[in-house]
Amino acid sequence: MPSAPPRMSSASLVNARRTSVVHGAAETSTLNFLKEETHTGDHFLTPSQLEVVYRTNIASGLSDIFAKELLDLYGPNALKELSGTSYWKLFRHNLFGWFQCVLWMGALLNFVSFFFAAELEHGRTKGRYENEYLYLGFVIVATVVGTGIFGFYQEAKNMAVMSGFEKLVPPNAMVIRDGVKKVVPNSDVVIGDIVEMMSGEIVPADVRILTCTNFKTDMSSLTGESEPVKHKPECTHTNPLESKNMAYFGCPITDGVARGVVIATGEMTQIGKIAGLVTGLKKEETPIAKEITHFIKLICGVAFVFGIIFFAMVFFTQHRWISAIQYMLGIILANVPEGLIVTLTVCMTLSANQLQKKNCLAKSLHAVETLGSTSCICSDKTGTLTENQMKVSHLFCNFKIYDSDDFSHVSQSTYSALCLAASLNLKAFFGFDYYDAPIAKRKIYGDASESAILRYMELHRSATLTREDNPKEAEIPFSSAYKYQVTIHRMQASQSYYLTMKGAPEIVLDYCTTVHTDEGEQPLTTQTIKELKAYFVKLANMGERVIGYCDLKLPTTDYPLGYQFDTHQLNFPIENLHFLGCISMIDPPRKDIAKSISMCRQAGIKVIMITGDHPVTALAISRQCGTITQPTVYDYAFEHHIELSDVPSHIKNQFKAAVITGDELRKMSVNELKSALAKYEEITFARTSPQQKLFIVETYQSLKYIVAVTGDGVNDSPALKKADIGIAMGINGTEVSKQAADMILLDDNFSSIVLGVQEGRRIFDNLKKTIAYTLTSNTPEMLPFVMYACVGMPLPLTLMLILVINVGTDLLPAMSLAYEDSEEDIMSIPPRKQTDHLVNKVLLFMAYFQIGLIQFFAGMYAYFVVFAREGFFPSSLLFVRDDWESDTKVIRDSIGRLYFYSERKRIERKAQTAYFVAICLTQISDVLICKTRRISLFKKGMKNQVLNASIVIDIFAAVTVTYLPLCNEIFGTEPIDWYLFFLAVPFMALMIIADEIRRYLIRNNISKWLEKETYY
């Protein structure tokens, strides 16, 4: 059956006023639809209007027959699964990338050459050359497979395997059909169903609430609200996400019961649209992946161009295509650093392991460097910048605001009275299983605000003991209708009843006639009330949630012990009370968060807070964290006691910092948001929806920022998926957010991101050094084939020895550079520009035409010395290739001695071995000068013990290949005299001294030209 079109809500969707910043016309209509916020009118409709729109009956619900028709038409109430990268795709990428395909082709050519070796050897009996092709083929295959499996293992072990959306869907739902209550599978719930919900369940679909009693849902994963939302049947906001008469699919029900009508199911629910967005969004290639791809294409292109040129040249001059293949293979293998892929993989793996020690788990290796190149961090507030736990921050009494850590006033009567009332008027309680734990670690059952007060009072006033000594006799629970909560206690000390009231401070104040001070009770005059309300506003403007308290000691004459209190008929007073003060709470910033954000600023990284909280709360936390340090229009409005809308436009335009709300963002086009991002130096976004968070990320990306996004909720997952690097919370993060992200913060701490940025920048610098080191040997590996083809001299370096260098002796030193510390304070420089490539012209020039040429000259010097000692001076080696390779020709040396084929081949192998040793030794100098690009090698020192060990192993490998008989047979080498082993030492010294002078000139700004031409 073809899928039916999605059921729209009662009000039309907002017209598409903006297109995707990144995808544009390439985006499907479905994805563009999901990116748009849905503006429904369901929360405005009356019950009778809902019946008409959804063809249902509020009392009896849908009929079973009609419900089945709707289910067939619109499909099941299920969410789209978020699939991660498959293991096969990951394996294929690691085994058949650009580099790997070049090497596979090289292996294939070697196997082909093995079977046609007889033609290459001019009909001679099969011998060493045939085996060399076979060895080469197997070595290349082993290199590709080994590096591929290693890369696959490193990426696969951190790859998430579940989407997490299945945890948001309840198994069953209570519906009313044909006037009968019945439990049906949640997937069978349809639009128009009347559902009943109660505490402990999960909202089965998007529901418009018709009736409810103390009904609360946890919408934190959807909107970012840290407090459970208390619902009511009436519309409370034009935005359906903020209207209290709407409940959304997947939100846990924390309290109460409700009945409602289903207005959206499956993929058309708010959570369903998020799931669709996360599934449909395509992630951009990471910056380091782009750089590596660019580099690999460049190197492969050069290798193939030169290889084909030499193939054609040899084929047309010698007319032997197998010989031409040998030349082409030599050029390709010399240009393609076979060990580079495993080197890069190991470098990033080491860095990923370092990050994990700093509580950052990288799901992909490329994410490591992406964090280092980040230029903008869009951070969630709750749990990342803050502790995700409400805490008492201030106490207000006696017309003074006290810090919660200030205990100098605990003995004062007003302060004590406020603490007593706060300890008693609580519904929250400690879990019985946690009494042995420290107070700060105990589990509390209750909402966030009451939990904060209980924990604070337990620490400083023994709240549990106070409540036990003074038991509760009566209670009026909090209601949104009257906005207060009353408790009556039998006091042990006075043997009388004590009434306390708490609620919104303005509401509580209306029930009072006096205010408690240390000097006694004072009447509440107009001026006193005005002064008290000014304090309330001050606390609220600090972004804190304020709760007011008042009390009344009930006289024993009217309320003797044993009095029966009636909370319905109210046979006790709740007016003419005594105002005590207020307690304010906030989810405080994490320790040292301001320092971390200051480090980001110093490193040139923008930090943007995006939260679902109220703009005033968002601004207060932004100030405490340091994401906003300059005045905003809110500060102006607070200071002048005016509404935000009354601030003149010319005043608004003067500010360099802003809080932009979701309502304002909803009215902005792409260009308007771009203008705002360019205008304001500091921005906080408040009351944002998942689609708006995605809109913000895409806009920053269109302005060429490398964007990191942090989040923990389902609502964050589209932005996490779209960001250059998405960072989910490991402790409080949902499975959905972890699956969409590239990195997971194991401690939910923003400071770990800063450490990650530092590590990412370090690894980029070290990757440059690694590539510079690896590419240098390409020149002395390629030029021997040029000499062989152009001047007809015996081949100075064989294909097998090239592989020994590339995947043997060079491998450990290249990897060891990943352990190098940064040269300077990398957190004091701006993020690298997207034009600052991993491999640039200067690096290639230095590697190929400076250091590489010195190594080539060192190799040729050793090569000529060995031949000269055997009687072949350089001039006698020119244009002798055809006779030299013929096993029927006899060659005379420079002093007239005759050499048969086997004798001169033995000398050739000695010369090739000396050339190989010279490359190995000069590569030691190369790794030393690659340790540092600017500071002196003597200042940098040799603290990298891994590098020191790799140098020793490098020398040992060269000795083994040279003198071990088995290696002589496999690699085609010949033992040389011990003093010939050190022929390249002068060239080693030249490289180190010359580079030390270069760095000195750059460091002291003596030659700008030299810096421009040689500093990569």
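Glycine residues also receive a Cβ, built from the backbone N, Cα and C atoms like all the rest.
Keep in mind that TrEMBL annotations are predicted by a computer and have not been checked by a curator.
As given in TrEMBL:
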- 41-115: domain 'Cation-transporting P-type ATPase N-terminal' (DOMAIN)
- 95-118: transmembrane segment (TRANSMEM)
- 133-153: transmembrane segment (TRANSMEM)
- 295-316: transmembrane segment (TRANSMEM)
- 328-350: transmembrane segment (TRANSMEM)
- 785-807: transmembrane segment (TRANSMEM)
- 842-866: transmembrane segment (TRANSMEM)
- 946-966: transmembrane segment (TRANSMEM)
- 978-994: transmembrane segment (TRANSMEM)
Margin query: Are there residues at least six beyond either end of the transmembrane segment (785-807) with Cβ under 8 Å to its Cβ atoms? List them, or say none.
Written below: 132, 135-136, 139-140, 143, 310, 313-314, 326-327, 329-331, 333-334, 337-339, 342, 777, 859-860, 863, 877-882, 884, 904, 908, 911-912, 915-916, 919-920, 923, 961, 970-973
Notebook entry, point to check: If you average pLDDT over the domain 'Cation-transporting P-type ATPase N-terminal' (41-115), what do you get?
Noted result: 83
Check: Most CB pairs under 8 Å with the transmembrane segment (946-966): which of 133-153, 295-316, 328-350, 842-866, 978-994?
Finding: 978-994
Margin query: Counting only residues 6 or more past its boundaries, what in the same chain has a CB within less than 8 Å of a CB in the transmembrane segment (978-994)?
Written below: 851, 854-855, 857-859, 861-862, 865-866, 914, 917-918, 921-922, 924-926, 928-929, 937, 958-959, 962
Margin query: When you look at the transmembrane segment (328-350) alongside the transmembrane segment (133-153), do they share 3+ Cβ pairs under 8 Å, ignoring any pair fewer than 6 residues apart in sequence?
Written below: yes
Notebook entry, point to check: When the domain 'Cation-transporting P-type ATPase N-terminal' (41-115) is classified with DSSP, how many of its residues are helical, how many are strand and how many are coil?
Noted result: 49 helix, 1 strand, 25 coil
